[in-house]
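A.B. asks: My questions will all concern the structure given below.
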Amino acid sequence: MGIFSKSPIQNMESFNCVDLIHPWSKSCIKGNFAMFIDSSKGFFFFFIIMHGVQYLFRLRNKKKIYIRQVLFNFMRSMSFGVSYATLFVTMNCVFLKMMGKFNNTLFVYGSPIICGLPIFFEAPERRKITSTTFMSMFLESFYKILVNRKIIVKSKKFETLLFMLVNAFLMYSLRIRQEFTDKKDTLWIFTPASPRNEDHSGNISHNNEKKCPHEYSCKENIIRKTLKYSVLGLAMALVRFTVYKVMSPLKTQESFFQWRSLQLSYFISAYVFIFETVNCYLCKLDGKHHSIHTFWSGLLSGISYWLSPNLQIMSTAATILLKIQGEELKKKFKLPDLPYGELSFVYSNMFILQRLIFDNQTVPKFFLNLLQFATSKRANITLEAIKRLYII
Ligand SMILES: [Zn+2]
Ligand SMILES: [Zn+2]
């Protein structure tokens, strides 16, 4: 991937962890301890927000919440976050002591890989969210590299077309998956309705005679779903706005009711409205419900990306599509039972940290904000030192 696009300086063997990794303290122990304390503070508030939002959505779905479980999961997240941040500093100090001098490979590959391993401390359910978020940031970063190298041109038209395609395959894959499983634990906001209904004896009956896979009349269904998702979109826009405001209080002066903040909810409303309308139209046209309909409905509903061009949305959709296809491949070729989600996190994290070291223009803004917030700005001191000393 040409990671070494900018060359490290010549006499890097003279580098010391004191100058490069923890410039705030001459002692390794004190240097590590300061990162430990600051990331404990930062991640404490970060995970309170993240877990809080997750439980709010759970309450909405009327799922039971057990206090002991909540606290236990919070501790698991904290041990993951704090060891992630601290291990990057610790490993660099350990490698330097072990090798006696600065080793470039260990700096670029060793520490970033090892600091990703604490993902195994997290609760399995939250690992999915974390690995999906990081994989989607990896794709976003990769896309930005292609744009920077002028391999693809940054244009709203191209991005919308790309999203339409990704969305068409995503909707189709989600719909196909529903035929075989009851899996609904996808991280994508919208899942096409399943025509699969079980009668009282447990037999599966496909209700093709009703043509459309929904309870109400077509018109009523479209209005109901669009309204439901508009409210959900508004809630998500509010959460996103609040998190962004808390994480970078200096940068945003805008109000919630501006176009930029509300874009996400307009996107979701238009997305669901177009999807349901096209789906019903195709059902009427064919006389019955085919899974391939979701492909065309997905393709057309992808146009709504135009309202809210956002690489985060695009890369999240692509990540979920890749995950579903990955599961299929695993089944088809009977691949060994490895922790693929966790491994994808370790790889994506290594890739993003390398971009951070060599070219932070291509690092997603969310990651930069996260790092700054979760380490109480301590990581920024390291980053500045790396930029000043390591890169010419
Ligand atoms: Zn040190
Ligand atoms: Zn219908």
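The backbone N, Cα and C atoms fix where each Cβ goes, and this holds for glycine too.
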A.B. asks: Among 106-122, 157-173, where does TrEMBL put the label transmembrane segment?
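C.D. replies: Checking TrEMBL against the ranges 106-122, 157-173, the transmembrane segment one is 106-122.
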A.B. asks: So, taking each listed stretch (80-100, 226-244, 264-282) in turn and counting its Cβ pairs to the transmembrane segment (42-59) that are under 8 angstroms, which one gives the highest count?
C.D. replies: 80-100
A.B. asks: When you scan the chain for residues with a C-beta under 8 Å from the transmembrane segment (264-282), skipping those not six or more beyond its ends, what do you find?
C.D. replies: 171, 189-190, 192, 212, 218, 221-222, 225-226, 229-230, 232-234, 236-237, 240, 290, 293-294, 296-298, 300-305, 307-308, 310, 313
A.B. asks: How many of the residues that make up the domain 'Transmembrane protein 135 N-terminal' (15-145) does DSSP mark as helix, as strand and as coil?
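C.D. replies: Helix, strand, coil within the domain 'Transmembrane protein 135 N-terminal' (15-145): 108 helix, 0 strand, 23 coil.
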